[in-house]
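Peer 1: Quick one: structure below, then a few questions.
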Amino acid sequence: MSLSKKLTLDKVDLKGKRVIMRVDFNVPMKNKEITNNQRIKAALPSINYCLDNGAKSVVLMSHLGRPDGVPMPDKYSLEPVAAELKSLLGKDVLFLKDCVGPEVEQACANPPNGSIILLENLRFHVEEEGKGKDASGNKIKAEPAKMEAFQASLSKLGDVYVNDAFGTAHRAHSSMVGVNLPQKACGFLMKKELTYFAKALDSPERPFLAILGGAKVADKIQLINNMLDKVNEMIIGGGMGFTFLKVLNNMEIGTSLFDEEGAKIVKDLMAKAEKNGVKITLPVDFVTADKFDENAKTGQATLASGIPAGWMGLDCGPKSSKKYVEVVTWAKQIVWNGPVGVFEWEEFARGTKELMNNVVEATKRGCITIIGGGDTATCCAKWNTEDKVSHVSTGGGASLELLEGKVLPGVSTLNNV
């Protein structure tokens, strides 16, 4: 799947056209109030571009939460997003109480020029995901004929399809792959994601470093495997590190995370690294805790001493951080997926925070730094480094699947140029 060869919004003639745009407005809410509008703001450049370039209308569609195909307007309505959009754009936004059907089709057929229309939550229909739950909570599958009708109805709402929802690009949902229009382009947010990942995966700057953290080796086997074909160096930290250290060094790890499934493949991964000439850096010292708790008693341990019974490693120690700095300083391109400690708790955040500072410094001297979504993106938000690295991905699952070498359905369906 070539990421850099997709039709982009700026290459489409929009004059007089109705644009139907898949966005990611899956924003956090409390009592129907939006607590973080970042995802809405991220879609504004694409929306404004359409309006500035003569589009007749922009119809926006998104999911919110997991209603599983059951309409839950009290809990998961996108109506509060319409109000937020209106204040951000300074323009009226028409909110429709459904996303398909005759009334919606009529409202979108010939709207006044320059209209902005927001549809209700796509996931109120089981046909969006293809599966869901009935009113009693039993799992159900969508009927193929109804899915076709759902997709056909969405397709009537625009003349041009634009996808700007990278966060959902790994899902083959109706709004991602089922809108059947001649022109299917990526919006500016999607374009930025694809540009950075194409650079990382197809033509990386070297030396290329991957920093991989997180808990389970089994969850990251495909990621490690694929990246071993791409990188020059790899740091493996976080909870995953303990599985590697126990298998390779027979280290005592106390009650630290150990992944039985992942342990079986550690030696194969190391053999592949050696064959490909990839240098792997593992932690050598640890901040320990007597229980998995923010206020646990803390201690120190090293690779040589091991972690005592009843204790667990929740962060890397200063010697590991020093090793990581050396590797980061050498790199010309970095992809980082997964924290190297329990960064949510102050006592165990130092390792990840120090690594973040080093990645920021690397960016200043011209290194291309790409932060995979999910927890690592949360770290950037927590320490205000989002604009101090080259790119923070908006899609945790989508960026992970790209780095694993998978094809993203929401991208492959877009027109090639």
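Cβ from N, Cα, C; glycine included.
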Peer 1: In Swiss-Prot, the Mg(2+) site includes Ala215, Ala218, Asp219. Which of Asp52, Asp68, Asp375 does it also list there?
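Peer 2: Of the residues offered, the record points to Asp375.
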Peer 1: Out of Gly238, Gly317, which one does Swiss-Prot list together with Gly214, Asp219, Gly338, Val340, Phe343 for CDP?
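Peer 2: According to Swiss-Prot, the candidate sharing the CDP site with Gly214, Asp219, Gly338, Val340, Phe343 is Gly238.
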Peer 1: Under a criterion of Cβ-Cβ distance under 8 Å and sequence separation of at least 6, what residues of the same chain contact Ala218 (Mg(2+) binding site)?
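Peer 2: Spatial neighbours, sequence-distant, of Ala218 (Mg(2+) binding site): Asp259, Glu261, Gly262.
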Peer 1: Could you tell me the maximum Cα-Cα distance in Å between the residues recorded as binding (2R)-3-phosphoglycerate, namely Val23, Asp24, Phe25, Asn26, Gln38, Arg39, Ser62, His63, Gly65, Arg66, Leu122, Arg123, His170, Arg171, rounded to a whole number?
Peer 2: 21
Peer 1: Using a Cβ cut-off under 8 Å and a sequence separation of 6 or more, which residues in the same chain sit near Gly238 (CDP binding site)?
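Peer 2: Expected: Leu212, Gly213, Gly214, Ala215, Gly338, Pro339, Val340, Gly341.
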Peer 1: Select the most exposed residue of Gly65, Gly214, where exposure means the fewest other Cβ atoms within 10 Å, treating these as the binding-site residues.
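Peer 2: Counting other Cβ atoms within 10 Å of each of the binding-site residues Gly65, Gly214, the minimum falls on Gly65.
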Peer 1: Take the C-alpha atoms of Glu344 (AMP binding site) and Lys91 (N6-acetyllysine) and report the distance between them in angstrom, rounded.
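Peer 2: On Cα coordinates alone, these residues lie 39 Å apart.
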